[in-house]
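Record features, source Swiss-Prot:
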type	residues	note
DOMAIN	4-287	domain 'Protein kinase'
BINDING	I10, G11, E12, G13, T14, Y15, G16, V17, V18, K33	ATP binding site
MOD_RES	T14	phosphothreonine
MOD_RES	Y15	phosphotyrosine
ACT_SITE	D128	active site, proton acceptor
MOD_RES	T161	phosphothreonine
MOD_RES	S277	phosphoserine
Amino acid sequence: MEDYTKIEKIGEGTYGVVYKGRHKTTGQVVAMKKIRLESEEEGVPSTAIREISLLKELHHPNIVCLQDVLMQDARLYLIFEFLSMDLKKYLDTIPSGQYLDRSRVKSYLYQILQGIVFCHSRRVLHRDLKPQNLLIDDKGVIKLADFGLARAFGIPVRVYTHEVVTLWYRSPEVLLGSALYSTPVDIWSIGTIFAELATKKPLFHGDSEIDQLFRIFRALGTPNNDVWPDVESLQDYKNTFPKWKPGSLGTHVQNLDEDGLDLLSKMLIYDPAKRISGKMALNHPYFDDLDKSTLPANLIKKF
């Protein structure tokens, strides 16, 4: 830690306080995440250290780079590249009645998918994607932050400040207590973020797990074994759930064209096995008119 100076506290993440800091010799500005662990006495679990070390290998222009992992007084600090704005804050700055430019929505979604495909191809899930951990710069680049931390530290039910961790972007298989889940959980989250990019409003903003499920069911219909094999045997599925009929996504998300709504509907398919993959999503006709040559991941490929 002696290599870094804390400049100021910039926020409170899922796992602890985040500081803006500076490397004493290089002058590079960084984000320093102090990880607060449930069992303070026992120190940092070796599994967490192992998981985190793997994340240092994830180098991609749309992933926030983990530069260093440091220990001080049995506290773990993760040193990340610094970006000053997250997507939630950015959407909040857009004046009422105005929306994100359609080409920006498309570019952001494409870059988010490029980042997720990179991680999924390396068997790393995010599991907790939301606008707060999508960071942006002033050049139109968007990066995914906090990758893999859910696996290393678990997703707490409450942030250590006792604020409830948001359920708005969580997939139905996780909400219904499925023990076996995989890459489709991230695709669902990206689908809900896609809708929010277009409308500035969360698509499903439940205030409890059951409210979250019912908001999804009201929009997409209550799932059953016909549309999602074995859903009725998931731990938290109840036969007493109200049986809502599927509605039209277009009524909830009005700023998307036909291709956009088609892609969104494929990202929000109940059955994880049928949900579109990140790789397939990148090839969807929605992106046909996007100039991909200027995107950061594509610029690197040229060299």
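Cβ coordinates are placed from backbone N, Cα and C, and glycine is handled just like the others.
Not measured: the values here are computed from a predicted model.
On the structure: features taken from Swiss-Prot.
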residue : record                       : DSSP (3 states)
I10     : ATP binding site             : strand
Y15     : phosphotyrosine              : coil
D128    : active site, proton acceptor : coil
S277    : phosphoserine                : coil
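Cα of E12 (ATP binding site) to Cα of D128 (active site, proton acceptor): a span of 15 Å. Nearest by CA distance to D128 (active site, proton acceptor), out of the recorded positions I10, T14, V18, S277, is T14. Summarising the environment of D128 (active site, proton acceptor), the number of other Cβ atoms within 10 Å of its Cβ, over all protein chains shown, is 22. Here the recorded positions are T14, S277, and the one ringed by the most other CB atoms within 10 angstroms is T14. For E12 (ATP binding site), the number of other Cβ atoms no farther than 10 Å from its own Cβ, over all displayed protein chains, is 14. Most buried of the binding-site residues I10, V18, judged by other Cβ atoms within 10 Å, is V18. If you compare Cα positions, the residue listed as 'phosphoserine' sits closest to T14 out of the binding-site residues I10, T14, V18.
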